[in-house]
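Trainee: Pasting the feature list from Swiss-Prot:
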type	residues	note
COMPBIAS	157-171	compositional bias 'Basic and acidic residues'
DOMAIN	43-128	domain 'Cytochrome b5 heme-binding'
MOD_RES	LYS135	N6-acetyllysine
REGION	151-171	region 'Disordered'
SIGNAL	1-30	signal peptide
Amino acid sequence: MARPAPWWWLRPLAALALALALVRVPSARAGQMPRPAERGPPVRLFTEEELARYSGEEEDQPIYLAVKGVVFDVTSGKEFYGRGAPYNALAGKDSSRGVAKMSLDPADLTHDISGLTAKELEALDDIFSKVYKAKYPIVGYTARRILNEDGSPNLDFKPEDQPHFDIKDEF
């Protein structure tokens with residue numbers, strides 16, 4: 001009598017794996033095509049001029065602000081960022097320096113973080129993560145974050161918590 005091949009025990013496992021795969025794949029004939037993963041609202045690229053339109057001055061507009069080049073919809077915090085609110089000066093622009101220094105001085109309401117101390121940079125990262133990213137949806141990025149000064153793509157750009165962001169959608 002011939003001995004079975006040493007891999008004979010793999011056949012039942014392969015059959016089981018095939019059966020499980022067939023059960024998990026919906027039948028196209030039954031009209032059950034797999035649905036693509038749900039995508040959040042698309043993010044977009046904002047110029048400084050476009051971002052300025054969302055400063056909280058218009059009642060029917062959302063309120064956006066940017067920190068570290070990431071644009072957040074802070075409309076749910078209208079009492080903080082809306083017209084006449086205590087932090088309205090931060091809205092409608094990238095105010096990274098002001099956030100880092102905890103300053104509302106007009107000279108600090110800029111994206112420029114050059115010259116900040118290590119403590120201020122740490123505060124910026126902390127507020128960025130624990131306040132803005134934790135509380136408010138990301139709606140886009142500033143052009144400055146995605147593009148270099150000469151208009152070429154910033155090869156170091158990495159989206160923040162937006163796996164559905166595709167830079168080619170912006171061009």
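Quick reminder: no glycine exception, Cβ is built from N, Cα and C everywhere.
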Trainee: Same chain only, sequence gap of 6 or more: which residues have a CB within under 8 Å of the CB of LYS135 (N6-acetyllysine)?
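Mentor: Within the chain, LYS135 (N6-acetyllysine) has Cβ neighbours under 8 Å at SER76, GLY77.
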Trainee: Helix, strand or coil at LYS135 (N6-acetyllysine), per DSSP?
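Mentor: DSSP assigns LYS135 (N6-acetyllysine) to helix.
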Trainee: For the domain 'Cytochrome b5 heme-binding' (43-128), what does DSSP give as the number of helix, strand and coil residues?
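Mentor: Final tally across the stretch: 35 helix, 12 strand, 39 coil.
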